[in-house]
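As recorded in TrEMBL, the features of this protein are as follows:
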DOMAIN    B:137-365  domain 'ABC transmembrane type-2'
TRANSMEM  B:16-34  transmembrane segment
TRANSMEM  B:174-195  transmembrane segment
TRANSMEM  B:215-239  transmembrane segment
TRANSMEM  B:251-276  transmembrane segment
TRANSMEM  B:282-302  transmembrane segment
TRANSMEM  B:340-362  transmembrane segment
Amino acid sequence: MIETIKLSKTYKGKKAVDEINIYLDEGESVGLLGPNGAGKSTTISMISSLLKPTSGDVKLDGKSTIKNPAEIRKVLGVVPQEIALYEELSAYENLKFFGEIYKVKKNVLEQRIQDVLDMVGLKERQKELVKTFSGGMKRRVNIAAALLHNPKILVLDEPTVGIDPQSRNHILETVRKLNEENGTTVLYTSHYMEEVEQLCKRVYIMDHGKVVASGSKAELLSILSSEDTIRVNLSETSDELIKKIKSLEYIRLVDETSEGIRIICKKGANILGDLVRAAESERIQLTNYQMETPSLEDVFLHLTGRTLRD
Amino acid sequence: MFPVFKSQWRKDKRKPLMVILFLVGSIALTLIFTSSNMVPQTTVAIFSSETNSSEIMDKWEPLLNRNESFNFVIADEETARTDVAEGRRDIAINLKEHDYRFITAYDIPTLPLIDQYVQKVFVEEAQIEAAAGSQGIDQIRNDVESYLENPPFQIQTESLNGGEVSNYDMGIQLLFGFTLFMAMFTIGFKVNGVLSDKVSGVWNRMILSPVSKTGMYTGHLLYSFVIGFVQIAVVLVIFQYVMNYDLGNNFFILLVIAAIYALSIVSMAMLITGFVKTPEQFYMIYPSVVPIIPVISGVYMPPGTISNAVLLFIADLFPLTHAMEAMINVAFYHEGWNEIALPLVLMLLIGVICMGVGINLVERRKG
């Protein structure tokens, strides 16, 4: 349905997006995962025709959208990262405005507004001014505004940033329903791994403007099939200890956590003995040791050497 | 275009305070400055330290008070001197038989005017006394006055087109000035909506919708124009028909001038929008620049006060100068379309250039 071909964007000599190739099939739910500054928003802006790429192409059903963006705009609903609403107006008035600019017919618009408000759970509060809403409620109206013209493709740019868990669950549930029940194609960007794991069938992992891995969750996790992830809780951490562990030949990566360290090492390596010795030499107490089932977070760490929230 | 226009209207309907404030501000400023523009009568204390002081006062007090520009009041010497010394009065005059002395604490600006007037009264009286000879002074004075009522040479003043010379009313000039000045704020802050939409992301949403770029700009700018024009029109209507100010006999032309002015200010605000990145920057820069414009354009001063060629050239770059010229010509000199065509064309020209450059700058800034 949509594909990008060697899509690049350069700002003042710096490549924000570097020759990425991604595709979305009809009805699919795809995640774009990466830390802040990875190039996700720039990619989305180019896909949605808001930003012209420096090179490469975006195709909708095989036709380039760069020269003729009108086609993709018709079928696209974009939920921007910012709250793109008039805060001085009520939720209803905002939706009416966006419905009008999308030329939704008058006799349909009223019902459509009520439908999307119902979908995001704000029907009862539609007459209240947006500026009086909580962050989560604003984000829900932000999503509703992108749904008024019944788009075939929904692009969401970090729609759950900085909101309460209740609103977050509501948004995730709304997106899931749109995808599974309405057949809407979803491109969901986030730096929250669990959201992407929950919603998306396929995931693209981006870092420094490049797609560093892609595939289904299982395919991505298989990257770690030759490795173990071990979480170790310590009484304290020290640079010297981390240095010692890193010097072990079977260690791939050591990452500091709030309670100790997380280690990615060669599968089956007998790490416990070396770990205890290193901790004892540094007079640090080892309080817990746990083998973890690898997550996409671990995949990301493995691929980029940093965590998603770095 | 219409959804954009309507959304701006809905916002103002909910929060009309700013528009109302600027509208009331135009009226209030005009009333305040028009009333203070009427020079109050200067009161001057007069006394005499001569032995025949009451005789001197009886003679000069009525002669000095024959002109209404100044009010000469008799005071005793001590009070008059104390009042001047303690700043309660600017000036007092110690009258003598054929001479006078000013008592003042500092060099007040009106002193030369008062001196000129008092000197004139004393010289005239000396001439009449000299001419009186054996006749009575009153007889000579009456003869001179009746002679002046029907002099052998008469001067008739006509305006350029043969009619009566219009009275130049500084109050009306200030009314136009403040009205147009306040409208600049209203219009500018509305045009700033383009920047607000850009920063909030609403602009991008509109780009993705079937509304064209032209429609987006037109919606915003048309709304700014309408609000600005309505504000000017309401103020002019109030002063013409409610407060009975004489704004000439062609109110319709005044409204057309106001419309073209509003249009050119929309463009000027758009140009400034092109130079800034955020609405906050606009709120900082625009109100800093706008108050300078009426000063350079000579809005607060009688015509001809500014003669510096550079200032006059700068003033010509702003629509306010041309709008004021056109409105004053219509209101005071009853000029028609032909006479005011040039300022109207200049305003339109400024409008076209500013709009073109402004939109271009805004579009280039999209990153």
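Placed from the backbone N, Cα and C atoms, the Cβ positions cover glycine too.
What TrEMBL says about a protein is an automatic prediction, not a curated fact.
Proximity of distant same-chain residues to the transmembrane segment (B:174-195), defined by a Cβ-Cβ separation under 8 Å and at least 6 residues beyond the stretch ends, is recorded for 8, 18-19, 22-23, 25-26, 29-30, 33-34, 37, 203, 217, 220-221, 223-225, 227-229, 231-232, 235-236, 239, 245, 247, 258, 261-262, 265-266, 268-270, 272-273, 276-279, 282-283, 286-287, 290-291, 293-294, 299-300, 320, 323-324, 327-328, 331, 362. Most Cβ pairs under 8 A with the transmembrane segment (B:340-362) among the ranges B:215-239, B:251-276, B:282-302 are made by B:251-276. Tertiary proximity for the transmembrane segment (B:215-239) is limited to same-chain residues at least six positions away from its ends with a CB under 8 Å from its CB atoms, namely 1-5, 7-9, 12, 19, 22-23, 26-27, 30, 175, 179-180, 182-183, 186-187, 190-191, 193-194, 197, 203, 206-207, 245, 247, 251, 254-255, 258-259, 261-263, 265-266, 269-270, 359.
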